[in-house]
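What TrEMBL records for this protein:
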TRANSMEM  73-92  transmembrane segment
DOMAIN    77-363  domain 'Sugar phosphate transporter'
TRANSMEM  104-129  transmembrane segment
TRANSMEM  141-159  transmembrane segment
TRANSMEM  165-192  transmembrane segment
TRANSMEM  199-220  transmembrane segment
TRANSMEM  226-246  transmembrane segment
TRANSMEM  258-277  transmembrane segment
TRANSMEM  289-311  transmembrane segment
TRANSMEM  318-339  transmembrane segment
TRANSMEM  345-365  transmembrane segment
Amino acid sequence: MRYDKILLTPKVRLLTLLVPYLSFIEGQNLEYLSSPPPGSFNFPNSLDSFSRSLHFTWIDMAITSIMMTKQHVLTYIYLLVYISLSSGVILYNKWVLSTLYFNFPFPITLTMIHMAFSGAVAFVLIRVLKVVSPVKMTFNIYATCVVPISAFFAASLWFGNTAYLYISVAFIQMLKALMPVATFLTAVVWGTEKLRCDVFLNMVLVSVGVVISSYGEIHFNVLGTVYQVTGIVAEALRLVLTQVLLQKKGLTLNPITSLYYVAPCSFAFLFIPWYVLEKPEMEDPHMQFNFWIFFSNALCALALNLATFLVIGRTGAVTIRVAGVLKDWLLITLSTIVFPESKITGLNIIGYAIALSGVVFYNYLKLRDVHTPQPPIPSIQDESVKELLTEKKADDDVNINEEWIDPVSDNNFDEEAPLMASSRLSHLGRKPA
């Protein structure tokens, strides 16, 4: 951009009348005409000084504007990549597992491939390339925290991927609207949340919407629905355990370090059910195994982890939730195009719209509570206040973004979402930290 053209714009000519006064207010040494007539403008005698001041002011403004534009463009690119990868991984998994397409009906094997690939990449990044520093992990923390979290993470992936064999992608996305319900109720049982009337009624609204959507499903399958709901419950338990176990120890993990510690353990948990359920069937000589298909599938799953990490770092909680809602609708639409056997009824859409409205209002409640001014901390601190202070310290350790996304409120958890993407759990029904 040429700055001589900037100086010819009408806005600049208008500002030539205002800059001298702003400079005078700021205490700059500009010379003004003495004894101006009443009501007239005071122009500086030193036009050269004024011209230089104006010139550099607009250079700074132009550079700032260009930098802000680039930041917005990058943010939109990251959001587009996140939505594309998130939708792509789900559709890719469905295509690989479906007996109508690639015909690899072994969800545990597919999940183990993802875990092995992600763990190997994380090992290279941390131990070989040293791009990311490992955290101080003791045997006690690993045994009491990482192991149970890995178990529920493996279960959520196992059951979630198995659901693809029985129900459509569109219906799976509708069932995922139950994620905030399952997580909130689990947190209430564990004592990390308090049961509030407004939140409970909102959860009822989400549940009613999902029931209506299920009633309108043409190809409703009980087993597939049970698998998906079980995966949602396992994911909710993982999220609550992440707070209860890790946050109290002041340990925070980014997606790379979480893959490094959790992926191998999840692989080990999946080995036993794989050996019993899928290994005998995989001995069939007619089974096809294409290296490049599984490599690209695992690569997309890993890229989704990193893309979600970047999006959360560049945007706030509101933006990522809006992107998640758009992704859900886009995925439901794309699934009916990619997989023509998937049919959506009007009752499906009505039910999902009801459930989604409840999810959006739930996110609004959470954001409102998170941004509520912090009450004064009493001099005598009880155990709950100590817990909040510990959680606040963990929040301060995450320097990526001030509004780091809350996993409990995020209803858009995909099969390959970050393992421990956040250090903050729900603040509903409790004093914000």
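Placed from the backbone N, Cα and C atoms, the Cβ positions cover glycine too.
Keep in mind that TrEMBL annotations are predicted by a computer and have not been checked by a curator.
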(request) Can you tell me which of 165-192, 258-277, 318-339, 345-365 gets the most C-beta pairs within less than 8 Å of the transmembrane segment (226-246)? (result) 165-192
(message) As a test: from 73-92, 104-129, 141-159, 165-192, 199-220, pick the stretch that has the greatest number of Cβ pairs under 8 Å with the transmembrane segment (258-277).
(response) 104-129
(message) I'm a bit unsure how to read this: which one of 73-92, 141-159, 318-339 has the highest number of Cβ pairs shorter than 8 Å with the transmembrane segment (289-311)?
(response) 73-92
(message) Give the nonlocal contacts of the transmembrane segment (318-339) in its own chain as ranges (CB under 8 Å, at least six residues past its ends).
(response) 75, 79, 82-83, 86-87, 90-91, 94-95, 98, 100, 168-170, 173-174, 176, 311-312, 352, 356, 359-360, 363, 367, 403, 405, 409-412
(message) Can you tell me which recorded stretch out of 141-159, 165-192, 345-365 has the most Cβ pairs within less than 8 Å of the transmembrane segment (73-92)?
(response) 165-192
(message) Can you tell me which recorded stretch out of 141-159, 165-192, 345-365 has the most Cβ pairs within less than 8 Å of the transmembrane segment (104-129)?
(response) 141-159
(message) Restricting to the domain 'Sugar phosphate transporter' (77-363), what is the model's mean pLDDT?
(response) 88
